[in-house]
Amino acid sequence: MRFATWNVNSVKARLPRLVDWLADTSPDVVCLQETKVAEDAFPAKEVAELGYDTAAYGQGRWNGVAVLSRIGLDDVRRGFPGQPGFPDQEARAISARCGGIRFMSVYVPNGRTPEDPHYIYKLEWLAALRTALADDLAAGPLVVAGDYNVAPTDADVWDPAVFAGSTHVTPPERAALAAILEIGLHDVPARPLKGDRPFTYWDYRAGMFHQNKGMRIDLVYASTDVAARVTDAVVDREARKGKGPSDHAPIVVDLGD
DNA sequence: ATGACGTACGCAGTACGA
């Protein structure tokens with residue numbers, strides 16, 4: 001089985017690239033984030049032509065997540081029990097069972113700045129996610145993939161000095177990720193196709209991608225049984241190249257039997 | 001550098017992102 005996660009930064013704007021990427025990469029399951037469309041506006045017909053069923057959760061202009069699968073898709077859940085809002089619940093998590101594994105696509109709140117109420121929301125959101133995932137883990141194989149908006153270590157940003165005092169690197173955010181792993185999930189490390197670190201995000205501005213000034217903020221967390229099946233995991237930086245890319249690259253994971 | 005670039009909304013300029 002091959003699965004992937006990708007923050008597409010608008011599925012409408014990225015549709016031509018998404019379709020080409022699906023055809024070239026041929027994943028069985030895909031977790032998408034920042035689709036930025038309501039559920040009924042998701043291009044489900046276009047991906048169905050490539051054999052994918054869609055489960056989408058959207059609210060229009062902001063956020064939006066989806067799971068695509070060509071190996072079956074059932075028991076769809078939009079959001080998770082106890083998911084905090086800001087103040088209303090946002091479309092930041094969706095899960096479905098595909099090929100015997102529950103896949104959750106997550107788009108963790110950004111946090112904006114450590115002084116902003118959105119930062120507290122981010123921490124509360126991650127704590128509530130941990131609680132919900134403990135129940136999901138007890139129910140069977142689990143993959144939680146997406147844009148966590150946290151760089152787990154200083155090595156996961158191109159220059160820690162640049163991010164001092166910013167969100168994405170603070171100890172409470174990193175502790176929230178560690179707490180999620182403590183319930184029995186495993187960080188699936190992806191290898192970079194170029195450079196020494198598996199960055200998944202590069203700002204559009206100032207030639208950051210060209211200079212490989214990136215961040216590792218998109219992550220794949222997997223239950224023990226799934227993690228043991230991983231044969232390869234890569235950051236597909238090719239998808240970040242060229243005209244009209246997302247600012248995030250996909251992570252592609254291969255599982256053996 | 002209150003910057004850059006890109007997206008949505010909507011038709012100018014604002015909000016947001018990490």
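Glycine residues also receive a Cβ, built from the backbone N, Cα and C atoms like all the rest.
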Tell me which of A:69-89, A:237-257 corresponds to the region 'Disordered' entry in TrEMBL.
A:237-257
According to DSSP, which kind of secondary structure is A:Glu34 (Mg(2+) binding site) found in, if we only use helix, strand and coil?
coil
Give the sequence-ordered list of residues that share a chain with A:Asp147 (Mg(2+) binding site), lie 6 or more positions from it, and have CB atoms under 8 Å from its CB.
A:Asn7, A:Gln33, A:Glu34, A:Val106, A:Tyr107, A:Val108, A:Tyr201, A:Ile217, A:Asp218, A:His248
Cβ-centroid neighbourhood (8 Å) of the Mg(2+) site, A:Asn7, A:Glu34, A:Asp147, A:Asn149, A:Asp247, A:His248 excluded:
A:Asn9, A:Gln33, A:Tyr107, A:Thr200, A:Tyr201, A:Ile217, A:Asp218, A:Ser246
Check the DSSP secondary structure of A:Asp247 (Mg(2+) binding site), expressed as helix, strand or coil.
coil
